[in-house]
C-alpha cells in the first residue's frame with residue numbers, strides 16, 4: 001500500500017516521503033511519467049516499471065507484511081504478487097537512500113507537463 005511504501009522510504013532515507021518525493025522530478029508521485037531528471041527520479045521510474053509487471057494485486061491499496069530488522073527491510077509474504085510488490089517498494093526505498101547525495105530541491109515540485117516522454121519499461 002502507499003502507506004507501507006511511505007514508511008519504507010522514511011525508514012531508509014529519514015525524509016518525509018510525501019514532502020520530499022510526492023512530486024519529485026518526472027516519475028515520483030501518483031502522476032509521475034517521463035524521462036528521469038536525475039538518479040533520484042530514476043529510482044521512481046524503475047519502481048513504476050516494477051509495479052507494472054505485477055498481476056493479481058493492487059499496489060496502491062493491498063497491504064503486505066514486512067519487518068525492519070537490523071536496519072534492513074525484510075519482506076515476509078506468502079502471496080507471490082504481494083511479495084513482489086514488497087520487493088518493488090523495498091528496492092525504491094533503498095535506491096532513494098543510495099541517491100540522497102544527488103537529491104536536488106529544484107526537482108521537489110517539478111511540473112509534470114515539462115517532462116519528456118520516457119522510454120517504455
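For all residues, glycine too, the Cβ spot is worked out from N, Cα and C.
Feature annotations, reproduced from Swiss-Prot:
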DISULFID  26-115  disulfide bond
DISULFID  28-44  disulfide bond
DISULFID  43-95  disulfide bond
DISULFID  49-121  disulfide bond
DISULFID  50-88  disulfide bond
DISULFID  57-81  disulfide bond
DISULFID  75-86  disulfide bond
REGION    105-117  region 'Important for membrane-damaging activities in eukaryotes and bacteria'
SITE      105  site 'Important residue of the cationic membrane-docking site (MDoS)'
SITE      108  site 'Important residue of the cationic membrane-docking site (MDoS)'
SITE      111  site 'Hydrophobic membrane-disruption site (MDiS)'
SITE      112  site 'Cationic membrane-docking site (MDoS)'
SITE      114  site 'Hydrophobic membrane-disruption site (MDiS)'
SITE      117  site 'Cationic membrane-docking site (MDoS)'
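Here the features listed in Swiss-Prot are painted onto the structure.
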residue : record                                                                : CB count, 10 Å
26      : disulfide bond                                                        : 26
28      : disulfide bond                                                        : 28
44      : disulfide bond                                                        : 22
81      : disulfide bond                                                        : 17
86      : disulfide bond                                                        : 23
88      : disulfide bond                                                        : 22
95      : disulfide bond                                                        : 18
105     : site 'Important residue of the cationic membrane-docking site (MDoS)' : 8
115     : disulfide bond                                                        : 19
121     : disulfide bond                                                        : 11
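Over all protein chains present, the Cβ of residue 112 (site 'Cationic membrane-docking site (MDoS)') has 14 other Cβ atoms lying within 10 Å. Of all the recorded positions listed here (28, 57, 105, 114, 117), 28 has the Cα closest to the Cα of residue 95 (disulfide bond). Summarising the environment of residue 75 (disulfide bond), the number of other Cβ atoms within 10 Å of its Cβ, over all protein chains shown, is 17. Considering only the disulfide-bonded residues 28, 44, 115, the residue whose Cα is spatially closest to the Cα of residue 105 (site 'Important residue of the cationic membrane-docking site (MDoS)') is 28. Put simply, residue 44 (disulfide bond) is 15 Å from residue 86 (disulfide bond) when counted between their Cα atoms.
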